[in-house]
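Down below is the structure, laid out as structure tokens.
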């Protein structure tokens, strides 16, 4: 990758700079560009057929040193020393282990101190760095864009292509700027920003775009908060999300196991500091949010765009002027068993899930512990707190957070994707309602017939205590 000297005639966006630095072969006007990939992350669900393709063709993994695998989607978060009960999940995990051993790919299996959700593991090890291209057979690869990387999910055939060549044929994306300026009110978090954005532009609003998040409110976020925002770019329909690196980024990366050291750090910093959108660069689309007007947000329906402030009520489909929107709302309310006009704070839950690649990091767990400390989970509510990685779990234990969770009556688990999706034992029963810090509230996402409300960690913790959708301020 070269250093942008600022002499380019046409001002470029951050996404365009990273793209240009990774073009191996230009496709011109009619063909895709061939893009070099700096980091390829792999898990057990989308990789088996890709490795099979390599095996059939007699090809090795081109750059095993730039490839990292971890077990996350299918793994249990209790009794991890026992065999996985579900035969499909067990087969996928065992297949990943055999493939990584055969092709020389690093793997962090269950029980390893570095195992966890792939989008938590990469950043915490310092593997994800500004200006990189990052891919994974997982839609929420956009998480890594918080570092100023161009990161996107890919399909299994593309996973095979990257394993074989360390490149990917891609057509340039459109660009969108999401400007969030002003000071966030107390109790409003990164999760509330992204839920409010998706409610504003819809789940298709970012289709075909790479979103760059900008403005003073974004700059004020920690790296954990930035990862939350970029993680859910996909729920807005975008291909990727990015935030320009700054001092917050550099301090997070400094001294991480795989971060550059010494002279290499200095050289990397010279490149990283060029990774900003040029003055005068033009975005295809621009969106504005006033940070001061935001409040804790929660979804009421079955897609992430069906959300309202916690202080609001379940919307009335009859008041919606768009036919498709009205029909979708009616269908969602029927599935969610909600009535228009019901205050969101009156909605009782059966379960609370804290975790996922959206909100399973140490900062998220600290927020939850602050709310739970000295309090109890409401009777009849089951609360799961699942760290995004074993490293996060170890840090939480060192800070005494695990004791806070268990004293409150929550279940303190091992690392994994857990109740974010119904691919492991952590699932809702039909008809159960859950406040979840994850990223998707589709029908059956957390288990057949389960009903999901997407919330921030702060709202999740307060909800667990009150038993109804709540913010920490409601506990005072």
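Backbone N, Cα and C atoms are what each Cβ position is placed from, and that goes for glycine too.
The [4Fe-4S] cluster binding site feature in Swiss-Prot is assigned to 357, 417, 420; the stated evidence is sequence analysis. On its own chain, residue 357 ([4Fe-4S] cluster binding site) has 117, 118, 119, 120, 140, 143, 231, 388, 417, 420, 439 as residues at least 6 apart in sequence with a Cβ closer than 8 Å to its own Cβ. The secondary structure of residue 357 ([4Fe-4S] cluster binding site), as reduced to three states from DSSP, is helical.
Residue 417 ([4Fe-4S] cluster binding site) is surrounded by 29 other CB atoms, counting those within 10 A of its CB over all protein chains shown.
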